[in-house]
Ligand SMILES: C[S@@+](CC[C@H](N)C(=O)[O-])C[C@H]1O[C@@H](n2cnc3c(N)ncnc32)[C@H](O)[C@@H]1O
């Protein structure tokens with residue numbers, strides 16, 4: 001069955017047919033990958049074949065494997081997804097790496113982290129997992145996304161260190177944080193229709209749409225950063241292709257010093273770390 005699935009995925013132009021076939025078959029059978037080696041495929045029951053076939057058809061129709069499984073690995077941790085959350089991207093691990101590189105733990109108090117537009121909670125929870133004793137707040141405009149983030153926090157045993165609140169970015173908060181992160185929607189509105197179908201048809205548009213030039217969220221976030229960060233606190237923001245120059249300009253206007261522009265896995269500028277001037 002696995003080979004047959006891989007052949008069909010190859011024919012339909014899926015980029016990683018063998019991997020997708022393996023993951024979907026494991027999910028259909030409810031087993032770990034190692035069990036596929038130990039259990040001969042001929043022994044699949046009719047129900048198991050039907051389940052695998054149903055997953056295959058969804059993948060052939062363009063649904064990403066992570067959406068079919070309802071899960072995605074990020075920073076070595078497993079995150080549940082729903083239709084209100086972005087599917088976390090490997091490139092966003094650059095944000096976590098950059099934040100950890102520049103973060104200096106405060107003396108005598110717990111680090112406080114704010115994640116604006118938290119989605120699954122992947123950035124906040126990865127940071128809390130890495131920063132001993134840190135406490136964090138994740139906000140999102142979507143209640144449904146926040147429900148998923150809370151579930152993910154509980155599944156990772158981080159629910160006592162993570163709180164989630166429905167809010168329009170950070171305007172409702174007056175707390176001060178050592179670290180503020182955000183991966184806001186940054187696709188220019190007119191470009192959404194031309195995205196890959198895996199993105200366009202399965203990621204929520206509220207997680208993609210950054211307004212006319214894709215920069216609307218940064219105009220708000222950079223302005224709010226000054227009121228949300230403690231003295232010496234840092235902000236770390238993900239951005240999209242070709243937005244670096246405009247973002248440098250927005251940072252300058254908001255009186256932020258740029259500490260680093262970090263590159264993603266493909267060597268493209270992807271993350272900006274800033275500090276209040
Ligand atoms: C690109 S997704 C990032 C999700 C997650 N942080 C990640 O990296 O996978 C942007 C998130 O911002 C949220 N969002 C959009 N506009 C918002 C606003 N005005 N205030 C708060 N959150 C917002 C969306 O619902 C979405 O979850």
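Using N, Cα and C of the backbone, Cβ positions are placed for all residues, glycine too.
Helix first, then strand, then coil: DSSP counts for the domain 'Release factor glutamine methyltransferase N-terminal' (3-70) stand at 51 helix, 0 strand, 17 coil. Positions annotated as domain 'Release factor glutamine methyltransferase N-terminal' by TrEMBL: 3-70.
Sequence annotations record features per position, and here TrEMBL assigns domain 'Methyltransferase small' to 101-186. Looking at the domain 'Methyltransferase small' (101-186) alone, the prediction's average pLDDT is 95.
The annotation S-adenosyl-L-methionine binding site is assigned in TrEMBL to 117, 118, 119, 120, 121, 140, 169, 183. In the three-state DSSP classification, residue 183 (S-adenosyl-L-methionine binding site) falls within coil. Summarising the environment of residue 183 (S-adenosyl-L-methionine binding site), the number of other Cβ atoms within 10 Å of its Cβ, over all protein chains shown, is 26.
The substrate binding site annotation in TrEMBL covers 183, 184, 185, 186. Around residue 185 (substrate binding site), a 10 Å sphere centred on its CB holds 21 further CB atoms from the protein chains shown.
Note on the binding-site residues 118, 120: the fewest other CB atoms within 10 A surround the CB of 120. Using residue 117 (S-adenosyl-L-methionine binding site) as the reference Cα, a 10 A cut-off selects 184, 185 from the binding-site residues 184, 185, 186. In this structure, the CA atom of residue 169 (S-adenosyl-L-methionine binding site) is 9 Å away from the CA atom of residue 184 (substrate binding site). The binding-site residues considered are 169, 186; of these, 169 has the fewest other C-beta atoms within 10 angstroms of its C-beta.
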